[in-house]
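K.L.:
Dropping a structure here in C-alpha cells format, bear with me for questions.
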Amino acid sequence: MEARVCVLFGAAALLRLLLLCVGVYQDQTLKLKYTDVDYHVFTDAARFITQGESPYRRSTFRYTPLLALLLVPNVYLSLLFGKLLFGFCDLLSGLLMFRLLVLRGASHGSACVSCGLWLLNPLPMAVSTRGNAESVLAVLVLSTLLCLQLRKHTTAALLFGLSVHMKIYPVTYALPIALALTAAPARGRGVLLRFFSPALLRFAAVSAAVFLSLGLIFYCRYGWEFLQEAYLYHLTRRDLRHNFSPFFYLQYVCAERCWSSGLLPLLLLPQLLLLLLASAAFSSDLPFCCFLHTAVFVSFNRVCTSQYFLWYLCLLPVVLPRLRLRLGRGLLLLLLWLLLQGLWLAPAYLLEFQGWNSFSWIWAASLLFLLTNTFILAQIIQHYRPHDRKAD
C-alpha cells in the first residue's frame, strides 16, 4: 500500500482515538455529555443478554439483538469497546471504498482524495466515537457492493441478507441488484424471464435464507417483541417531534384524527416512485444507483434525522470521481446543504431549549431542505459520467 494511503488511514485512526479521549473527559467533567444516549441503550441491552434476559427489557432498544450481542464486551471488558468497534468500522469502510474506487478505474491518488472525504469527515468521526452504530451498516453495504463488483455473488448475497437484518433500508437495493445481475446474461430474453436467471435466483435464495434464518432464531428466542421492536416499529413509526422531514408537521397536526393512519401509504408514494425511476435509469452502475436510492429514501422519508445522512454519505466517495462538477460548484452545493441544515437548526433550538412555538418555521425550513436536497441530487445526476464497464 502506498505511503499516502498509510498516512491517510493513520491520521484517520489517530483523530478517532483523540475524539474518544475527548469524549471520556467530557463525560466525566461536563454537564453536556459526549456519548450518544443510544450507546447507553445498546450497552444496557447487552447487559440484559448477559443475564439471560431479553434485550428488549431496555426501553427504546429497537434494533436486532445481534447489535446487543456485538456489544457484550462492553459489559465484561470496557465501556469503550463499542466505540472502538464503531471507529474501526469507520476505517474499514474507508478501505472498502478504496478497493471499490480502484476496481472502478480510479487512480490511487483520486481514490485517496475520495476516501479522505469520509475518513477525515467530522460527521462520521463524531457519530462513531459518540457510540452510534451506523458505521457497522456502512461496512455491510460497502462489502456487498464490493463483492458484487468482484462477481462474488454468493458472498454478496450473504452480506445483503445480513444488511437487511440489521436495518430495513438496504432492502431498497433489491431491485437495482436484480437488474444489475440480469443485465448481462439475460440480453435478448423477455422482461419477465430476465428475473429467472440462475445468478439472480441464487442471490435471492441465499440473501432470503440469511435474513429469514436470523429472524427465526431471534423470534424463537424473544418472540413477537423482536418483530415489533426490530422491524414493525420502524415500518409504522410516526415521529411527531420535529425532524428534517417536512412530513413530520403533517403527522403532528393530524395525529388525533381518526383517518391519520391512512396517511402512511400516501407518504410512501413519492419514495416508491422515485426509487423505481432510479432503478430503471441507473441500475447499470450499481454503486451510483444505490447512492441515489439511499439519498432519495432519506430525503423523502417520513422521518429524517442527521444520522440518516451517513447512509448515503458512505456511498458518495465511491461515485465522486465520476462526477464532472467543477470544484467551485461542488463547494457551493456543499455550502448550500450545510446552510439549510443551519436554517433548520435555529427554529429547532428555539423549540427544544427555549420553549418557543416554532413548528411552522421548522416545517418551512424542512421544505426548503427537501427542495435543496432535490436540487443537489439533480445536479449530481446531470454531471455524472455514466458507468464504463471497461473501467472495471
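Residue numbering: from 1, along the chain as shown.
Every residue gets a Cβ built from N, Cα and C, even glycine.
Swiss-Prot feature annotations, pasted as is:
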TOPO_DOM  1-4  topological domain 'Cytoplasmic'
TRANSMEM  5-25  transmembrane segment
TOPO_DOM  26-65  topological domain 'Lumenal'
TRANSMEM  66-86  transmembrane segment
TOPO_DOM  87-125  topological domain 'Cytoplasmic'
TRANSMEM  126-148  transmembrane segment
TOPO_DOM  149-156  topological domain 'Lumenal'
TRANSMEM  157-177  transmembrane segment
TOPO_DOM  178-198  topological domain 'Cytoplasmic'
TRANSMEM  199-219  transmembrane segment
TOPO_DOM  220-261  topological domain 'Lumenal'
TRANSMEM  262-282  transmembrane segment
TOPO_DOM  283-302  topological domain 'Cytoplasmic'
TRANSMEM  303-323  transmembrane segment
TOPO_DOM  324-330  topological domain 'Lumenal'
TRANSMEM  331-351  transmembrane segment
TOPO_DOM  352-360  topological domain 'Cytoplasmic'
TRANSMEM  361-381  transmembrane segment
TOPO_DOM  382-392  topological domain 'Lumenal'
K.L.:
Check the transmembrane segment (5-25) against the transmembrane segment (361-381) for contact, please; criterion is three or more CB pairs under 8 Å, pairs 6 or more apart in sequence.
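P.N.:
As far as Cβ distances go (cut-off 8 Å, pairs 6 or more apart), the transmembrane segment (5-25) and the transmembrane segment (361-381) do not touch.
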K.L.:
Residue counts in helix (H, G, I), strand (E, B) and coil for the topological domain 'Cytoplasmic' (283-302), per DSSP?
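P.N.:
The composition, in the requested order, is 14 helix, 0 strand, 6 coil.
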K.L.:
Counting by DSSP, what is the helix, strand and coil composition of the topological domain 'Lumenal' (324-330)?
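P.N.:
Grouping H, G, I as helix and E, B as strand yields 4 helix, 0 strand, 3 coil.
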K.L.:
Going through 126-148, 157-177, 303-323, 331-351 one by one, which has the most CB pairs that fall under 8 Å from the transmembrane segment (262-282)?
P.N.:
157-177
K.L.:
List the helix, strand and coil residue totals of the topological domain 'Cytoplasmic' (352-360) as derived from DSSP.
P.N.:
5 helix, 0 strand, 4 coil
K.L.:
At a C-beta cut-off of under 8 Å, are there same-chain residues at least 6 beyond the transmembrane segment (303-323) that contact it? List them, or none.
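P.N.:
For the transmembrane segment (303-323), the far contacts come to 93, 97, 100-101, 104, 106, 110-111, 114-115, 117-118, 121, 123-124, 127, 132, 134-135, 137-138, 141-142, 145, 169, 237-239, 243-245, 247-248, 287-288, 290-291, 294-295, 297, 330, 341, 380, 383-385, 387.
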